[in-house]
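As given in TrEMBL:
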- A:H150: active site, proton acceptor (ACT_SITE)
- A:D143, A:E215, A:E217, A:D249: Ca(2+) binding site (BINDING)
- A:Y145, A:R159, A:Q256, A:T375: substrate binding site (BINDING)
- A:D249, A:K269, A:T273: Mg(2+) binding site (BINDING)
- A:28-135: domain 'Fumarylacetoacetase N-terminal' (DOMAIN)
- A:146-429: domain 'Fumarylacetoacetase-like C-terminal' (DOMAIN)
2 protein chains.
Amino acid sequence: MNLDRTHDAAVKSWLASANQPHCDFPLQNLPYAIFRRKGGAEEFRAGIALGDQVIDLAALVRERCLSGLALQAAVACAQPSLNAFFAMGPDAWRALRHAVFALFEAPAAGASTMADTPALETCLVAQTDVEYNLPASIGDYTDFYTSIDHARNIVKLLRPDSALSPNFQWMPLAYHGRVSSIGLSGQQVRRPLGQRLAAGHSVPEVSACARLDYELELGIFIGVGNQEGEPIPVTHAERHVFGLCLLNDWSARDIQMWESTPLGPFLAKNFATTISPWIVTMEALAPFRHAWERPADEPQPLAYLDAPANRSEGGIDIQLEVWLMSELQRKSDAHAARLSRTSFRHQYWTVAQMVAHHTVGGCNLRSGDLLGSGTISGPTAAEAGALIELTAAGKTPVALGNGETRAFLEDGDTVVMKGWCERPGFARIGFGENRGKVLPARVVS
Amino acid sequence: MNLDRTHDAAVKSWLASANQPHCDFPLQNLPYAIFRRKGGAEEFRAGIALGDQVIDLAALVRERCLSGLALQAAVACAQPSLNAFFAMGPDAWRALRHAVFALFEAPAAGASTMADTPALETCLVAQTDVEYNLPASIGDYTDFYTSIDHARNIVKLLRPDSALSPNFQWMPLAYHGRVSSIGLSGQQVRRPLGQRLAAGHSVPEVSACARLDYELELGIFIGVGNQEGEPIPVTHAERHVFGLCLLNDWSARDIQMWESTPLGPFLAKNFATTISPWIVTMEALAPFRHAWERPADEPQPLAYLDAPANRSEGGIDIQLEVWLMSELQRKSDAHAARLSRTSFRHQYWTVAQMVAHHTVGGCNLRSGDLLGSGTISGPTAAEAGALIELTAAGKTPVALGNGETRAFLEDGDTVVMKGWCERPGFARIGFGENRGKVLPARVVS
């Protein structure tokens with residue numbers, strides 16, 4: 001990936017909050033969300049995070065702060081979804097990011113204050129004053145399964161007599177997920193009812209899920225789609241990807257065990273999926289690219305999944321954490337408990353390979369489509385991205401630090417996911433948070 | 001289901017073509033589509049089929065032929081999708097159907113010709129002069145697997161050492177499908193490329209699908225959705241269903257065999273799904289309801305899937321046929337070959353059970369969502385709804401009658417599905433046709 005001035009950590013913003021050391025949203029990030037001021041009187045529209053503010057792109061247009069392709073891109077952003085902006089493609093994405101970077105960068109030492117700072121200040125809204133909406137109108141949602149550590153953990157726990165499915169090392173496996181129940185950080189998720197088969201029984205029962213779990217994933221937003229019947233080559237795949245967010249693939253393990261053969265997960269997953277509001281662009285992630293390596297004794301990627309750039313920098317070193325805040329912790333003002341920490345760089349398949357595989361048969365992606373990366377679990381036990389792995393399917397509960405333990409999620413639990421990139425010499429690029437709370441099951445009448 | 005005057009075969013239309021004996025669209029049917037005059041100058045909008053004409057609902061509004069709830073419903077139809085009309089619910093659907101029935105019914109013997117017939121004639125467009133669009137903006141597409149004859153055939157052919165999955169008889173199994181590649185009758189489907197594992201090999205290859213198949217299904221359009229976390233009881237499920245169409249779930253069997261464990265079908269299905277343009281309402285199908293029986297020695301439905309009305313009339317006796325027209329047949333003006341014929345009444349699970357199961361965990365359905373019934377195969381070999389069953393996975397090709405045979409689909413083949421209901425004393429209720437043509441695979445570069 002090319003690095004340029006927008007990746008230079010030495011460049012500061014005139015907005016002080018953007019220059020704080022642990023800020024998720026420095027000048028080098030500039031992620032996108034759909035927002036409005038709280039209260040519901042305004043239309044939802046696109047904004048960019050900077051420090052503790054939201055840059056209102058519609059206001060930048062109104063104040064005549066933009067021109068050329070950046071202006072056209074900002075006009076496309078003045079809508080309640082980012083789909084039209086996505087469809088403009090990487091040149092437009094880059095033009096707007098660079099123009100906003102220039103508007104909000106601090107003047108060089110000795111130069112006078114920028115003339116239009118007062119106008120720009122009218123384009124800022126405090127993040128504490130806004131509410132968010134889904135960033136895009138999502139046409140299709142596909143959930144991948146691309147962490148070999150996660151896959152091996154699951155096989156060991158649930159089907160100890162079988163091996164990793166032989167196709168896993170040949171293709172990024174995936175299934176289609178549910179769009180209607182995708183919600184935004186803050187989503188309240190009702191514990192699902194469903195059929196499950198108790199051990200040793202042959203007749204299933206219907207009850208509230210007893211093994212409710214999260215899955216730590218990244219969400220991948222498709223910027224530019226493809227025509228039906230026209231695969232996207234792996235070499236071009238990243239030009240079709242706009243950016244990434246945090247994704248919680250809530251999972252009902254008991255329902256999943258009983259329903260999933262032969263058609264895969266259905267009700268075990270489709271009651272809720274939660275994403276974070278801010279989409280971090282692929283351009284902002286450029287300094288954190290990582291080699292993607294396939295050990296020589298494992299299957300090498302088939303031609304349509306292989307490219308030099310994918311090997312040299314297909315991975316991305318995104319630090320990820322899952323925290324849990326129980327109702328008891330919340331009421332006693334206790335700290336949340338960190339359940340795990342890992343990095344996206346361990347993933348067995350890359351974002352470009354997911355896109356190339358998804359389209360190789362001619363399936364068309366559209367602007368605003370969402371891909372889930374699949375659970376992100378690293379090579380050690382503490383890096384597991386789901387409770388089922390951390391607790392050995394409930395047999396070894398984790399301690400929350402306040403005396404409570406968890407085998408699976410309980411009512412009132414809030415799951416918080418965090419993500420960020422850090423590397424010496426570069427600004428921290430953060431994803432913000434993804435929160436979701438478990439509500440009790442509906443009473444069966 | 002209640003039968004009323006709109007189901008009475010003795011009532012004729014003043015439009016002669018609606019009274020022809022084999023007409024799919026008599027006055028008792030009145031199915032909906034989104035259409036416009038060919039040429040592209042007009043906006044797409046909703047119409048109702050009658051005889052060989054389309055009733056333009058926007059024109060009925062303009063000519064002031066409607067009032068009350070029927071008028072409101074017709075106004076909601078003056079859009080390029082039926083979603084808003086769907087969301088109005090069964091009272092509105094019924095009001096519009098009954099109002100249109102009254103406008104187009106022939107005057108009683110001895111009565112003078114209806115005064116407004118000339119105005120109504122201006123609201124008709126010949127079906128030969130129109131083109132169609134997808135009837136709804138489809139938010140999610142779910143494909144079920146509800147024919148036990150199909151499931152048993154597939155297990156016998158592909159996994160002879162295993163039994164029918166034990167969950168099959170306890171729940172209507174399903175997986176989420178792809179929305180972006182759903183096309184309308186007339187769709188040209190490019191043969192997909194993909195990974196497959198040749199028998200006896202351990203390394204997969206990428207090539208054009210060699211086992212391309214169709215699956216005969218019905219499409220089920222959701223009229224009214226539900227809130228996330230609020231299941232739809234089986235007793236109310238049909239009030240959420242607007243109507244049915246013909247659906248071809250194109251399937252790449254070799255890709256499916258290699259990719260489907262453990263997450264189910266993905267690229268094997270997501271390159272194309274074809275639906276017919278006309279949606280036949282549940283109300284028009286009322287005379288053809290059929291008892292749904294579960295043999296006493298098989299698992300009886302769990303409470304959330306059981307209801308007296310579902311047992312007494314959960315089934316629907318819809319006759320279905322699949323025809324194949326090869327390129328050679330087409331060029332020589334030969335007849336198409338009928339591959340199979342069956343009825344939807346054999347299905348192991350009903351439409352109401354599909355809706356109740358889909359939502360039991362809290363998953364929200366939305367107006368315009370599409371469910372596929374799953375392949376419809378009847379109890380005898382000639383009633384199979386896919387080539388893989390008819391040809392014993394390619395081992396016993398079927399004859400097309402002109403010397404050609406088919407193990408699986410070949411380039412240039414057109415698959416035609418037809419559906420209709422017939423019962424002595426009632427008008428024939430037809431679905432029209434669902435056609436799709438196979439294009440050669442893209443050349444691998």
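Count begins at 1; order follows the chain as displayed.
In case you wondered, yes, glycine gets a Cβ from its N, Cα and C as well.
Please treat TrEMBL annotations as automatic predictions, because they have not gone through curation.
Listed in sequence order, the residues A:L216, A:L247, A:N248, A:S251, A:K269, A:T273, A:G372, A:S373, A:G374, A:T375 complete the 8 Å Cβ shell around the Ca(2+) site centroid, once A:D143, A:E215, A:E217, A:D249 themselves are left out.
In this view, A:Y145 (substrate binding site) is surrounded by 24 other Cβ atoms within 10 Å of its Cβ, with every protein chain counted. Looking only at the recorded positions A:H150, A:E215, A:E217, A:K269, the one with its C-alpha closest to A:Q256 (substrate binding site) is A:K269. The Cβ of A:T273 (Mg(2+) binding site) has A:Y141, A:G177, A:R178, A:S181, A:I182, A:G183, A:L247, A:N248, A:D249, A:W250, A:G372 as same-chain neighbours under 8 Å, each 6 or more residues away in sequence. When the recorded positions A:H150, A:R159, A:K269 are compared by the number of other C-beta atoms lying within 10 angstroms of their own C-beta, A:R159 comes out lowest. Recorded residues A:Y145 (substrate binding site) and A:E217 (Ca(2+) binding site) have their alpha carbons 10 Å apart, per Cα-Cα distance. The residue listed as 'active site, proton acceptor' carries a helical DSSP state (H, G or I). For A:E215 (Ca(2+) binding site), the nearest neighbour among the listed recorded positions (A:H150, A:K269, A:T375), judged by C-alpha distance, is A:T375. Per DSSP, the domain 'Fumarylacetoacetase N-terminal' (A:28-135) is made up of 43 helix, 24 strand, 41 coil. Among the recorded positions A:Y145, A:H150, A:R159, the ones with a Cβ under 8 Å from a Cβ of chain B are A:Y145. Spatially, by CA atoms, the recorded positions A:H150, A:R159, A:K269, A:T375 include one closest to A:E217 (Ca(2+) binding site), and that is A:T375.
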